[in-house]
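Student: Pulled these features from TrEMBL for this protein:
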BINDING   G50, E51, S52, R111, I140, R141  L-glutamine binding site
ACT_SITE  C82  active site, nucleophile
ACT_SITE  H176  active site, charge relay system
ACT_SITE  E178  active site, charge relay system
Amino acid sequence: MTNTPVIGVLALQGDVREHLIALAAADAVARPVRRPEELAEVDALVIPGGESTTMSKLAVLFGMLEPLRERVAAGMPVYGTCAGMIMLADKLLDGREDQETLGGIDMIVRRNAFGRQNESFEAKIDFAGIEGGPVEGVFIRAPWVESVGAAAEVLATYDGHTVAVRQGKVLATSFHPELTGDDRVHAYFVEMVRAGL
Ligand SMILES: NC(=O)CC[C@H](N)C(=O)O
C-alpha cells in the first residue's frame, strides 16, 4: 500500500466531525483545518455541508479564501458536500450577492434547489465508479448542478438532476454521505487522493 494520505476537513462551520470519522474509516489520517498553516500541511481537503454563505464569510474573516483558492488551483484534491459543493462551483445561482466561492469545477450550481429544510430527504443514488449498489444520500436544503462544462464528469443524478460531479481531482456531491455510515464515497475520494501521492 502507498502512503496514508493526510486529509483535512475545513472546520470553519458545518458538520466537520462526521467527515473526520468517515475519512478515518476510509483509511485516511483526518484532521480539522481552520488556518492557512494547517491547510499547508494536508494532502487534500473535504469541505463539509453547513451554510455556504456563512462559510464564505468565515473564509474571508479567517484569511482562508485566497489560500484555499490557491491550493485548489494548484491541483489539491478536494471533496465538497452540499454547502461544500456550492463552494466548489465556478458559478452559482440563487447565492447571496456578496457570496464567494472557491471554484474548481466548471459547473453552475443552484443553491437550495431541492427546497427548504422541511423538504429534506434520503434517497438511494447510483454512483458511477462506486461498486456494491447505490449509496445512501441525505439531502438537506441541497443544491443541484444545473449544467457542467466539458471537463467535468457527471457521476450521479437524482430525479433528472445532477447531484455528483468530478473534474480531475475535485469531487462534489449535493448530498451528505457522511451522515449515513456508508463510507464508500469517502473511500472513493481517498483513492483519488492516494492515486496522486
Ligand atoms: N446541508 C447543506 O450544506 C445546506 C447548504 C445550504 N443550503 C447552503 O446554501 O449553504
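Keep in mind that glycine also has a Cβ here, set from the backbone N, Cα and C atoms.
What's the neighbourhood like for these features in this structure?
Tutor: When secondary structure is read from DSSP and collapsed to three states, R141 (L-glutamine binding site) falls in the coil class.
There are 29 other CB atoms within 10 A of the CB of C82 (active site, nucleophile), with all protein chains counted.
In the three-state DSSP reading, H176 (active site, charge relay system) counts as strand. When other Cβ atoms within 10 Å of the Cβ of H176 (active site, charge relay system) are tallied across all protein chains shown, the result is 27.
All protein chains included, E178 (active site, charge relay system) registers 28 other Cβ atoms within 10 Å of its own Cβ.
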Student: Please name which of the active-site residues listed here, C82, H176, E178, is nearest in space to R141 (L-glutamine binding site), Cα against Cα.
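Tutor: That would be C82, nearest by Cα distance.
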Student: Report the nearest neighbour of H176 (active site, charge relay system) in space among the recorded positions G50, E51, C82, R111, comparing Cα positions.
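Tutor: Comparing Cα positions, the candidate nearest H176 (active site, charge relay system) turns out to be C82.
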Student: What count of other C-beta atoms do you get within 10 angstroms of the C-beta of G50 (L-glutamine binding site), across all chains shown?
Tutor: 22
Student: In DSSP terms, helix, strand or coil for R111 (L-glutamine binding site)?
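Tutor: Looking at the DSSP assignment, R111 (L-glutamine binding site) belongs to neither helix nor strand, so coil.
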Student: Tell me, how many other CB atoms lie within 10 A of the CB of E51 (L-glutamine binding site), whichever protein chain they belong to?
Tutor: 15
Student: I'm trying to understand the geometry here, so how far is the Cα atom of E178 (active site, charge relay system) from the Cα atom of E51 (L-glutamine binding site), in Å to the nearest whole number?
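Tutor: Their Cα atoms are separated by 16 Å.
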